[in-house]
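Visitor: Pasting a structure below so you can have a look.
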Amino acid sequence: MLKYEERKLNNLTLSSFSKVGVSNDARLYIAKENTDKAYVAPEKFSSKVLTWLGKMPLFKNTEVVQKHTENIRVQDQKILQTFLHALTEKYGETAVNDALLMSRINMNKPLTQRLAVQITECVKAADEGFINLIKSKDNVGVRNAALVIKGGDTKVAEKNNDVGAESKQPLLDIALKGLKRTLPQLEQMDGNSLRENFQEMASGNGPLRSLMTNLQNLNKIPEAKQLNDYVTTLTNIQVGVARFSQWGTCGGEVERWVDKASTHELTQAVKKIHVIAKELKNVTAELEKIEAGAPMPQTMSGPTLGLARFAVSSIPINQQTQVKLSDGMPVPVNTLTFDGKPVALAGSYPKNTPDALEAHMKMLLEKECSCLVVLTSEDQMQAKQLPPYFRGSYTFGEVHTNSQKVSSASQGEAIDQYNMQLSCGEKRYTIPVLHVKNWPDHQPLPSTDQLEYLADRVKNSNQNGAPGRSSSDKHLPMIHCLGGVGRTGTMAAALVLKDNPHSNLEQVRADFRDSRNNRMLEDASQFVQLKAMQAQLLMTTAS
């Protein structure tokens, strides 16, 4: 539901910005006659005087002038957003986006009737297919051209692919407004409405078409890389027959699939779209912060889609190293690296929901993990009511498991080993499981010898070579405790030491934090035990 203030502004049409008898170069702003009406008006004389005083060194730092300058900035931003909204209502988001991208008009200037006409002419040209003409294969020589308005004529000029600074904020504003409008519509969609209204939803200003158009804006702004990476992950998720990014176009394979899909298939597709739409609200929140003056985010946790046990505010997930399934679905797991080489997969204890456990099992199966290492103690599993998913037989969605206990290892029977058979469709895989039952949270193992012994067991379970020799996220050990930062980081670091006892532990910790989050190897006592293990290994090597 739009706020009352937004509804008033959105009622302003393009004709509202054409003022008879007003100079074409007069600055325009949105005035309020009373609480029920907003209208476009030329700048008042008193405002012009204060603006002029702001250019004088003697007056520009006075409180009244500084306050006026800030008010002008807010007014200019508001009227530009309102004007672009009016343009979008008439010509559509695609035309407005293309015009902003290709135009060399300075959007940082105050809006005047002259500027409004120039922008409108650009949008008209885009709406009539001029941008498509420039980009077409028959016009290779002008594919990097830009629209330039001079003397009322539309011309073509050479331009690189970078978006000008003056266009970035308008593009972000359009993206924000589009997300606010389309996400609630997608969340209310069901299978029946998807089948009945797909053509309308995937064309024009329909929510699916509009969503994809607005998300593309982020790809045009280099500084928005974190947001764009987040969006790309979500739009690469398979929904039905195709990646979600393909759902904004009608007349293709998605439309044919929607027309023939079963009720169950449509229900599953809508369920995924709902989850994606909910996740995209994080992008909306970031854009709102930027609109309020915050800088572009330099880091951003990857999307969790409800699969993570802990909120990313507690256990962040580096989206650059986040593991993804073959259907594009991201899971709350990272690839830990040291010196640029993968060491292990690391995550929290799987969330006790069918979707989370299914995704976890699919990951073990698809990535053909060399082994699964569960560092959560038996006492903690019982206290936290954590699902013992790695022993026994279960069905998690499409994945079936059958785990048989092989042995209780030495070290005081503190380590149980299982062989867990996984099957999903025609794919089968058996993964060794090591469950360490006596490692308390935030504490070291009872002895350094046990840590070294455990590292040997993990390495011996790895039939694909020592950790760190893989060049991808496949064939690596999957390690988790409860949160996936302390014991998990310690175990992975121990594997690095077994591979090379001379490794710099401080650098290992730094690389793990870059790989996953700043909490990796956060417990001092566990780090001390790693140093003790390193000393033992170096002594053995020396002798």
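Glycine residues also receive a Cβ, built from the backbone N, Cα and C atoms like all the rest.
Pulled these from Swiss-Prot:
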- C481: active site, phosphocysteine intermediate (ACT_SITE)
- 162-293: domain 'Bacterial Rho-GAP' (DOMAIN)
- 315-543: domain 'Tyrosine-protein phosphatase' (DOMAIN)
- 35-139: region 'Chaperone-binding' (REGION)
- R209: site 'Arginine finger' (SITE)
Visitor: Name the secondary structure element type, per DSSP in three states, that contains R209 (site 'Arginine finger').
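Guide: SS state of R209 (site 'Arginine finger') = helix.
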Visitor: Under DSSP, is the residue listed as 'active site, phosphocysteine intermediate' helix, strand or coil?
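Guide: In the DSSP reduction, the residue listed as 'active site, phosphocysteine intermediate' maps to coil.
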Visitor: Does C481 (active site, phosphocysteine intermediate) have same-chain partners at least 6 apart in sequence with Cβ under 8 Å from its own Cβ, and which are they?
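Guide: Expected: S348, Y349, V374, L375, T376, W439, D441, R487, T488.
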Visitor: Tell me the Cβ neighbour count for R209 (site 'Arginine finger'), meaning other Cβ atoms within 10 Å of its Cβ, over all protein chains shown.
Guide: 22
Visitor: Counting by DSSP secondary structure, give me helix, strand and coil numbers for the domain 'Bacterial Rho-GAP' (162-293).
Guide: 103 helix, 4 strand, 25 coil
